[in-house]
């Protein structure tokens, strides 16, 4: 922890998470204003769902490309938790990232509140359960939506892979859009605790808010379990890997594989 605390690059990464999260929330929630969440019996029109989903997905893809080389562009506490459990970042980095993400979301939502105060029924994108959706169902939707997102992040950023092509930020952005297409009509789609937290703070309404922390965190943890221990298990000892939690982020890796079909292993230099 001490080694990261003293590095300018670390604090630049924290600032990058804050700035990118501020832009993400402003752009994405700004696109959704005018649509009242949670939706009622008369659900939002398909074209509205697509517009909002694309805004969330494209903003993540754009900002991931912009700051990915600085902070990794987590922009989501569930993603940060997933990478922590995957032993790719330290506990200190995860904590500072989550704080930066939450503060960025609050700042962005506060700015939006001032700009859009005249909009009728302005919920500032606050997440809540739709009519007829109970807390268990909403929790399940948030778990599944976040699971597929964090699974995509782990797979598209896996440095052991030699078959990766295309754009990882675009793939992750599409995963975010997919999650929204699934969840908008049920929960307004959280799958990002910081984004949900910003709206709850500014509107002073924390109704069912726990769902939008517990669901994404469970989904993120399940994604790590599935990817790191079932789909693409790592051969290195787990007790060695968890040293990253206190020593700092792993930045360089040795790739050990005979061919593209062999299982490869990530080993910190």
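Keep in mind that glycine also has a Cβ here, set from the backbone N, Cα and C atoms.
According to Swiss-Prot, the protein has these features:
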CARBOHYD  42  N-linked glycosylation site
CARBOHYD  205  N-linked glycosylation site
INTRAMEM  69-82  intramembrane segment
INTRAMEM  187-199  intramembrane segment
MOD_RES   247  phosphoserine
MOD_RES   253  phosphotyrosine
MOD_RES   262  phosphoserine
TOPO_DOM  1-11  topological domain 'Cytoplasmic'
TOPO_DOM  30-46  topological domain 'Extracellular'
TOPO_DOM  83-90  topological domain 'Cytoplasmic'
TOPO_DOM  110-133  topological domain 'Extracellular'
TOPO_DOM  154-163  topological domain 'Cytoplasmic'
TOPO_DOM  182-186  topological domain 'Extracellular'
TOPO_DOM  200-206  topological domain 'Extracellular'
TOPO_DOM  225-269  topological domain 'Cytoplasmic'
TRANSMEM  12-29  transmembrane segment
TRANSMEM  47-65  transmembrane segment
TRANSMEM  91-109  transmembrane segment
TRANSMEM  134-153  transmembrane segment
TRANSMEM  164-181  transmembrane segment
TRANSMEM  207-224  transmembrane segment
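Below 8 angstroms of C-beta separation, residues 1, 4, 72, 74, 97, 153-154, 220-221, 224, 227-228, 238, 241-242, 244-250 of the same chain, each at least six residues beyond the ends of the topological domain 'Cytoplasmic' (83-90), sit close to that stretch. Secondary structure of the topological domain 'Extracellular' (110-133) per DSSP (helix as H, G, I; strand as E, B; remaining residues coil): 6 helix, 0 strand, 18 coil. Note: the Cα of residue 247 (phosphoserine) and the Cα of residue 205 (N-linked glycosylation site) are spaced 39 Å from each other. In summary, the transmembrane segment (207-224) does not lie against the transmembrane segment (12-29): fewer than three C-beta pairs, each 6 or more positions apart in sequence, are under 8 Å.
If you take the C-beta of residue 205 (N-linked glycosylation site) and look for same-chain residues 6 or more apart in sequence within under 8 angstroms, you find 126, 128. Of all Cβ atoms in the protein chains displayed, 13 besides its own lie within 10 Å of the Cβ of residue 247 (phosphoserine). Remote same-chain residues near the transmembrane segment (134-153) are listed as 76, 78-79, 82-83, 171-172, 175-176, 178-180, 182-183, 186-187, 189-191, 208, 211-212, 214-216, 218-220, 222-224, 226-227 (criterion: CB distance under 8 Å, separation of at least six residues from the stretch ends). Where the transmembrane segment (12-29) meets the stretches 47-65, 91-109, 164-181, the count of C-beta pairs under 8 angstroms peaks at 91-109. Listed as Cβ neighbours of the topological domain 'Extracellular' (200-206) (distance under 8 Å, sequence separation of 6 or more from its ends, same chain) are residues 106, 109-110, 113, 123-124, 126-128. Look at the topological domain 'Cytoplasmic' (154-163): DSSP puts its residues at 3 helix, 0 strand, 7 coil. Computed over the topological domain 'Extracellular' (182-186), the whole-number mean pLDDT of the model equals 94.
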